[in-house]
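Reviewing the structure listed below.
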Amino acid sequence: MNYQELADNIKIWANDLGFQKVGICDVNLQEHEAALQKWLDAGYHGSMDWMARHGMMRARPDELLPGTVRVISVRMDYLPPKAQFATNLVDPTQAYISRYALGRDYHKLIRNQLKKLGQRIEQEVGSFGYRPFVDSAPILERPLAQKAGLGWTGKHSLILDKECGSWFFLGELLIDLPLPVDTPSEDQCGKCKACMTSCPTNAIIEEGIVDARRCISYLTIEYDGVIPEEFRKPMGNRIYGCDDCQLVCPWNRFSSLTDQDDFHRRQSLQNPDLIALFAWDEASFLKNMEGSAIRRIGHVQWLRNLSIAMGNAPYSQDIVEALQMRIGISPVLDEHIEWALAQQRQQIKEKSGIDITHQRLIRVINKGIPRDA
Ligand code: SF4
Ligand code: SF4
């Protein structure tokens, strides 16, 4: 078996399957175990108990799938055309949704493509051990991606590549073939700290370390409880995820657009008006979010997130009435609605609009974001 030739072919096949970059690494992540344990011990994973439950298995792919000796790490770009970062983020009457979630859920697509890659390899080498993983699996996908040469781990803890920035998904195919490995990527952040200083909730507590409990992505997606008050104003109009740390990153000036139609903005999110989205009943939410990752958070959490954004919007009688109509669905939601109504009342008193404190982000937006039309 000529493993070098096979590795070269795997990269060609993976590109044909829609992956923009592919790398191969071994399974030794020992150097990351202490940091992972420290992060878990500090409780930075919040209510994501499954992270602690899986423990060090996340750093040991060969425990997850016995016999694994290599990981094929893949990248799929998701930035849709007409990203409209500024249009949505700066207009407090609109909802901001993380750009990865505007279209279809990526898990199924990437897992299917990885499975096809495994089958293509099988055609070549005969039966072998492999299993695809995407995102939520108990695996340290970012250190693996860095090892495989897909990019380095930025100070915001995401992987970025100097040719394309960070707007991409990662996936892994665990295999039992001893392919030659690629050269790991080197850190290119330098002295930049833009992501750290721009984070609305100061969630990046140290270089490369995010306290998920402070991160808007965690709070709006993973966490279904009462969002601590200290984060509600900084959340602004971000109702599902947050892209600020990527938005300000200088390397994202070179980002590429997705060639997957699935990741384009879906029709029901073309005009993300807060009041219109809040008016969806549960049936409309489920229908409009069919095939979307957003559907997983459920209608009540959707309303909870929107009610915070509505509290942060400039005073409007329509907002007040819409909020009042939703009282009584759940105690958690009621708490956020009461807060939002209090914010609205406060704004009448102060006659002021949204308190936009993220000056650096606004400066970046004013400079013009590529492809923001
Ligand atoms: S996603 Fe938003 S809240 Fe989370 S670390 Fe990045 S900038 Fe901060
Ligand atoms: S904003 Fe700066 S520090 Fe943060 S990931 Fe990008 S280059 Fe690195």
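Don't overthink the numbers, they just go from 1 along the chain as shown.
Any Cβ shown, glycine's included, is placed from N, Cα and C.
Feature annotation from TrEMBL assigns cob(II)alamin binding site to R58, D135, T153, I159, L170, S217, C242, D243. There are 15 other CB atoms within 10 A of the CB of D135 (cob(II)alamin binding site), with all protein chains counted.
For D135, the entry in TrEMBL reads active site, proton donor.
Per-residue pLDDT, averaged across the domain '4Fe-4S ferredoxin-type' (177-209), gives 97. If you look up TrEMBL, you'll see 177-209 marked as domain '4Fe-4S ferredoxin-type'.
Taken from TrEMBL, the feature [4Fe-4S] cluster 1 binding site covers C189, C192, C195, C249. C249 ([4Fe-4S] cluster 1 binding site) is surrounded by 25 other CB atoms, counting those within 10 A of its CB over all protein chains shown. DSSP gives C249 ([4Fe-4S] cluster 1 binding site) a coil state; it is part of no helix or strand.
According to TrEMBL, the feature [4Fe-4S] cluster 2 binding site maps to C199, C215, C242, C245. Residues near C245 ([4Fe-4S] cluster 2 binding site) in space but far in sequence (CB under 8 A, at least 6 apart, same chain), listed by position: H156, L158, C195, M196, S198, C199, I204.
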Binding-site residues C189, C199, C215, S217, C245: those with Cβ under 6 Å from an atom of ligand 1 are C199, C215, S217, C245
Counting only residues at least 6 beyond its ends, the same-chain positions whose CB falls under 8 A of a CB in the domain '4Fe-4S ferredoxin-type' (177-209) are 3-4, 6-7, 10, 23-26, 39, 44, 69-70, 72, 121, 125, 128, 146-157, 160-162, 215-216, 219, 231, 234-236, 238, 242, 244-251, 357-358, 360-361, 364
Between the binding-site residues L170, C215, C242, the one whose Cβ has the fewest other Cβ atoms within 10 Å is L170
Reduced to three DSSP states, the domain '4Fe-4S ferredoxin-type' (177-209) has 5 helix, 4 strand, 24 coil
Quick note, R58 (cob(II)alamin binding site) and C215 ([4Fe-4S] cluster 2 binding site): C-alpha atoms separated, nearest Å, by 21
